[in-house]
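**Q** These came from Swiss-Prot, pasted as-is:
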BINDING   C60, C62, C75, C78  Zn(2+) 1 binding site
REGION    301-320  region 'Disordered'
BINDING   D451, D453, D455  Mg(2+) binding site
BINDING   C793, C867, C874, C877  Zn(2+) 2 binding site
REGION    1168-1202  region 'Disordered'
Amino acid sequence: MVQKNTFEAMKIGLASPDKIRQWSWGEVKKPETINYRTLKPEKEGLFCEKIFGPTKDYECNCGKYKRIRYKGIVCEKCGVEVTKSKVRRERMGHIELATPVSHIWYFKGIPSRMGLLLDMSPRALEKVLYFASFVVIDPGKTDLYEKQLLTEQEYEEYCDKYEEDVDFRAKMGAEAIKELLQKIDLQEEYKNLTETFEGSTGQKKVRILRRLEVVEAFIESKNDPSWMIMDVIPVIPPDIRPMVQLEGGRFATSDLNDLYRRVINRNNRLKRLLDIGSPEIIVRNEKRMLQEAVDALIDNGRRGKPVTGPGNRPLKSLSDMLKGKSGRFRQNLLGKRVDYSGRSVIVIGPNLKFYQCGLPKKMALELFKPFVIRELVKREISHNVKNAKKLVERENDKVWDVLEDIIVDHPVLLNRAPTLHRLGIQAFEPILVEGKAIKLHPLVCTAYNADFDGDQMAVHLPLSPEAQAEARLLMLSTNNILAPKDGKPITTPSQDMVLGSFYMTTRKEGQKGEGLIFKDIDEMMLAYAMHYVTLQTIVKVRRNSVNNDGTSKIVESTVGRFIFNEGIPQDLGMVNRNEDPYSLEVDLQVDKKMLSKIIDLTFRRYGNIRTAELLDYIKSMGYKYSTIGALTISMGDITIPDSKKGIIEQAEQRIDMVQDIYLQGDITNEERYKKVIEIWEQCIKDVTRALMTNLPADNNLNIMAVSGARGSENQIRQLGGMRGLMSDTAGNTIEIPITSNFREGLSVQEFFISTHGSRKGLSDTALRTADSGYLTRRLVDVSQDVIITEDDCGTDEYIVAKEIKDGNRQVEDLKSRIIGRYAFEDILDLDTGEIIVHKNDMINEAIAERIESKGIKEVKVRSVLGCKMKHGVCAKCYGRNLATGKPVNIGEAVGIIAAQSIGEPGTQLTMRTFHSGGIAGVGITSGLPRVEELFEARKPKGLAYITEIEGTVKIQENKKRNDVIVTSEDGEEQVYQIPYGAHIRVNEGDHVEKGEPLTEGSINPQDILRVNGAEGVRDYIIREVQKVYRLQGVDIDDKHIEIIIRQMMSKIKVEESGDSGFLSGSVVDARDFKMTNEQLIKEGKTPATGTHSLMGITKASLATESFLSAASFQETTRVLTETSIKGKVDHLIGLKENVIIGKLIPAGTGIAKYDRIEVDYDGKAEDDMIEAEKAQASNDSEEAEESTIISGNYESLQDEDK
């Protein structure tokens, strides 16, 4: 076996026949598998022990040699080597074919590699390979040309005609193609193609470029083209295609065995036919069948009908073993099932600390079993492991005491599926609980998106000290207070906790005991406990100064607010403490937003440990006082406004008027429909306003909605106002609204109308989940190798950050676009000229506020889009790590975080395509499909026309269309012919910028790239993606979207190659292109020219440098075909390829620079310590064993230092 951490790269190539024989331990000659009587493998069959090794450890087939002492002996009787049976997983065999056959990947792929190399069409190739036509190999003196196809009849005619011409040769089948491939002189071919390439144009040029790429690939990789035709095929080890006995004596076997048997049977039959000199036609048929059998083995179903097994099920071929969700890559290599794990239902744990979880005793015992056994032996409760095991199995009382001690400081990981972002797995300290359910802290539910209606969670146990350290320092819930997507607290209290906080900070006049004055908080608490005052009573209490200067003052507030402030830091900056050191920090009614702000301020000021304490305080206060408040809702809380009837009648009158105007022919049906919908929408608003003003402030329903605990104005409207407009099955708004509410009850017709929406809602949600998951998978794949690799790349590129607007609506302000980024240059105060922030310094909240207050509209900042790093990005271009609020560390896997941050809210985005006014027209895509459309750089539905020059607009109306003419300042004119259906959004005489849309709709990103260049398209994608997310109230930081765009724009299309050696027309890596050009300019040569290319995320994932990553993503066979011809080397730079081969990922603590850390130590002190340990160890044999290990480690360290 190959040691997995010792190799730097992995290469893939074509296997030559010699190579295949070299791998093999013997030839498989018979199709037999195992003997039906003895159940032992047949000799020379597919499971032969002589070839593949013994089926039982250290035991030969005939039984002459048993036991390990004969290791390495080959039995002279049966020929089996005495060794471990594990070798049956790694030893390969081979089959010598009687005739060459082609490899279907290289013949059938698109484009056909064999076809490109030979300059033959795939159809012609197929005819030759499957014995339908002859191909001329050497025309000799005939009037034929090389590679010409002949039918059997023609071939016979030519043979008769040129009997004496000895040179004339034509053949059929793979041997003919093999001969043609052997005749190719690659260098000569390359020279000829390069010459013809320069002079050709159009389709011909594209074809030549493709052929050039294949020829170049073969030259570079030193692969021989004739290896695409196989004389010998490998047989994979038997334990990878096992045969197992089921109860009832039948056998289950891997499909591969069937496919191999077909090949061997046909091969043996062909050998026999050749030996006895059968007629050509029979031999030919057998050769074709052999070719088809090998095709089915390699890729069943690629050509013709797939070979089927029992029940017409297509057999799984070698290619099927690799591709798709259940293939080798995605099923076994990228994610595996692990031991030391368990799962159970979750219940709420309101008494847990923020960093704790409740672990059922039985589960904990099973998970920590090895640790418990070790401890039992160590404490001499049990004398050996066997006894200790029995104690654990019997659940002896002593076991629980040991378990209690062991779980201290040993964090466990909790995971809830689906894990949409990194907060789906967090570490907690376990607390043993009775019962079988895991207890979860209520505040981490938001991050997990968990509720307690029967959700299950999985527990994993980190074993090694390193894993435990990472779990504690990086994954503990206290380190995950902020969400990585926007840097805001994700542990915000919800529901009961919000309600409790809101209730206890409510202020009411005229409550029991109002105006009482207390000497301190304790006296007030005593009064409250004895019911002299209520929570909402306004009282006065003497408070000490926050600045601890010994002064105090009487402060007025409510009892509840005094209690609430006890656990809250009193210097968060909500009160100016220089002027007022006595007031309460939070002297207002606390709703959900306010709680979030308090947590955010505490985190920025005190860090996570103090914040975790605060969270636990808010949690316990919230639960306690929402229980005391006992707020519930009843039918009586829903009051229907008296004015509702009048408002609806008024709307109906206006609609009758619109209907009359329509019937007179003054407006179109579409305009009538729009107007009706508008009238109803206004009516709904009026009813809602009447309802909400009618609701008293202390109405329980109102309290729940206003505080943010549960429900919204929208839901109250449906309960007490009117349900409003509904949509039909196609998603169009029905023009008759539901005027009743749930309090009054719906009529049959209203109920029927409302069912459309409900059913659509459910089916949309199901579809959305799948689409969102697939989008996340593609995003992860495209960005997985973006890791912070250096501190500063010293780039000279920047982006100009300004607020994002959509028409007049602000999508994102300047402040939120620059917080956490590094300034590209000194930013100056426009009035005084003093420097607000220096170049390469981070802009924090305070600086951003200052920049905005000074009226600065745009700022030059560093961005990942301008980072110079070839692999990954640098910390200065990335800026702040949103999850910690500090500068990002080297080794952070920011690509994956970006993908998760964009993908995780995907499920919240709507699926709806909004139709303009409900009449079926060209819909403008929104929601999730719009995000997908942008990231895949597709041509959008409802395409807008854009202007390619800056200038003034003139509109001319024609019979069939409108002409929009844009005239630039220097007199250049461009005419855009716009069909009547399109809605023009510019007016006569408007000034338009380059790339501005002239009509409604979405713009094709490729057009923006052409007109406004790379910067224009970057801004457009960021603006559009943010528009979709902000509409749903989801905040995502720009830098996540920028990372994806960086990957989409990582390639350049070469126009003129100059002295670079690039092929013009080919697509190359942007950073390679830049480096090559810089080098050429240094040497005084001609640099290459090219344009940025914008790829969709799927295409960008497949265009990655790493073939392992691409193959495990999609189109596995295509990727492997291409890369094996190129002889590609995967340098294992990204995360995915390292996961696949089982190395530590090059991110976090696995990054290469941490490998070389050396420990400085004072040799003498260490040696003394070891001596002391050794002395003590002589008393205790177990400790002795441990200390020798320690000293062994030190010695090896010293060797390294030397």
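Backbone N, Cα and C define each Cβ position, glycine as well.
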**Q** Could you measure between C874 (Zn(2+) 2 binding site) and D451 (Mg(2+) binding site) for me? Cα positions, answer in whole angstrom.
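**A** Cα-Cα, rounded: 39 Å.
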**Q** Work through the binding-site residues one by one (C78, C793, C867, C877) and name whichever has its CA nearest to the CA of D451 (Mg(2+) binding site).
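**A** If we rank C78, C793, C867, C877 by Cα distance to D451 (Mg(2+) binding site), first place goes to C877.
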**Q** I'm trying to understand the geometry here, so how far is the Cα atom of D453 (Mg(2+) binding site) from the Cα atom of C877 (Zn(2+) 2 binding site), in Å to the nearest whole number?
**A** 44
**Q** If I take the Cα of C60 (Zn(2+) 1 binding site) as reference, which of the binding-site residues D455, C793, C867, C877 has the closest Cα?
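**A** Among D455, C793, C867, C877, D455.
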**Q** Identify all same-chain residues not among C793, C867, C874, C877 whose C-beta atom falls within 8 angstroms of the centroid of the Zn(2+) 2 site's C-beta atoms; report them in sequence order.
**A** E790, D792, T795, R862, V864, G866, K868, M869, V873, A875, K876, Y878
**Q** How many helix, strand and coil residues does the region 'Disordered' (301-320) contain under DSSP?
**A** 6 helix, 2 strand, 12 coil
**Q** So of all those binding-site residues, C75, C793, C877, which one's Cα sits nearest to D455 (Mg(2+) binding site)?
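**A** In terms of Cα distance, D455 (Mg(2+) binding site) lies closest to C877.
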**Q** Cβ within 8 Å of the Mg(2+) site centroid (D451, D453, D455 excluded): which residues?
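**A** In sequence order, the nearby non-listed residues are I346, A450, F452, G454.
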**Q** Round to the nearest Å and give the CA-to-CA distance linking C78 (Zn(2+) 1 binding site) with C793 (Zn(2+) 2 binding site).
**A** 65
**Q** For the binding-site residues listed here (C60, C867, C877), tell me which residue's CB has the most neighbouring CB atoms inside 10 Å.
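**A** Result for the most crowded candidate: C877.
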**Q** Could you give the Cα-Cα distance between C877 (Zn(2+) 2 binding site) and C75 (Zn(2+) 1 binding site), in whole Å?
**A** 66
**Q** Taking the binding-site residues one at a time (D453, D455), which has its Cβ surrounded by the most other Cβ atoms within 10 Å?
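**A** Comparing the binding-site residues D453, D455, the most crowded Cβ belongs to D455.
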**Q** So, in DSSP terms, is C874 (Zn(2+) 2 binding site) helix, strand, or coil?
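**A** DSSP assigns C874 (Zn(2+) 2 binding site) to strand.
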